[in-house]
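Read the structure below first, then the notes.
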Amino acid sequence: MYWFEQGLCVLPAFLVVWSSATFIICYIIAIYRHDVDVIFPYISDTGVSPPESCIFGLMTFISACAGVGTIYARYKHVELLREDATNVSARLNKVALWLGVISCFGMCIVATFQETVVQVVHDIGAFLFFVFGIVYIILQCFISFQAHPYGCSKYVFCVRVTITILAAVAFVPSILFEISSVSIVQDYPFHVASAVCEWIVAFTFVFFFFTYIHDFKVSISLSHIVYSFLIYIYSFAKILLFLFSYSSLPYG
């Protein structure tokens, strides 16, 4: 049996490979069509003009769906760990689940609303993706620490912490350099620095899921996870329908 056939290893592996391919393919197409600068454009800029915008939207949506599935599988895996590692907080695990889902939802917003069309909505989606994503991986590091010696090895834990620190450290300059590049009449060095930090944050966040591969080799019932996931989707759909029906009521 190959490693990707064990448990649910294929989920994080597919997520990382597909998401990386999304960024790289759109970048190559945008460079080929001279739609962006060769030296570190913003990730969103590589998905503004067609046809790369269509590819970016489709592939990012698939990445978001794979991300939700991986995050939920990790949630169920931590629930199994809690049978041995009783000091792992169930509430913290559920908070991490929803933070990860919100981050993936932000990814969908970024893919759907290009910055040249609806910049405010696009920026909100980017904020959800990056901020909630970073907080999610921070919580996962803390959960891994609580679960020790169960779950991941000390080496994998150190890799997770390193990736998380790199993402958090790169995120702050990306915002500061972006503000500086706008306020100083599109100062190019600040623009490049901000774009570099954005690429670092995006790839570190995505590659964090590679550390789940060893954890997902354990026997996790796929049917149980799918059933539980559908229950969550059903509950979320009911909430959306309620909000939609409430907003459609006539006023006065």
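Positions of Cβ are set from backbone N, Cα and C atoms, glycine also.
Those TrEMBL annotations? Automatic predictions, nothing curated.
TrEMBL has this to say about the protein:
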- 7-32: transmembrane segment (TRANSMEM)
- 9-217: domain 'CWH43-like N-terminal' (DOMAIN)
- 55-75: transmembrane segment (TRANSMEM)
- 95-113: transmembrane segment (TRANSMEM)
- 125-145: transmembrane segment (TRANSMEM)
- 157-176: transmembrane segment (TRANSMEM)
- 188-213: transmembrane segment (TRANSMEM)
- 225-246: transmembrane segment (TRANSMEM)
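For the transmembrane segment (55-75), the list of distant contacts is 8, 11-12, 14-15, 18-19, 21-22, 25-26, 29, 46-47, 93-94, 96-97, 100-101, 103-105, 107-108, 110-112, 136, 140, 209, 212, 215-216, 220, 225, 228-229, 232: same-chain residues at least six beyond its ends, Cβ to Cβ under 8 Å. Only residues 6 or more beyond the boundaries of the transmembrane segment (157-176), in the same chain, are considered here, and those with a CB under 8 A from a CB of the stretch are 130-131, 133-134, 137-138, 140-141, 144-145, 148, 193-194, 197-198, 200-201, 204-205, 207-208, 211.
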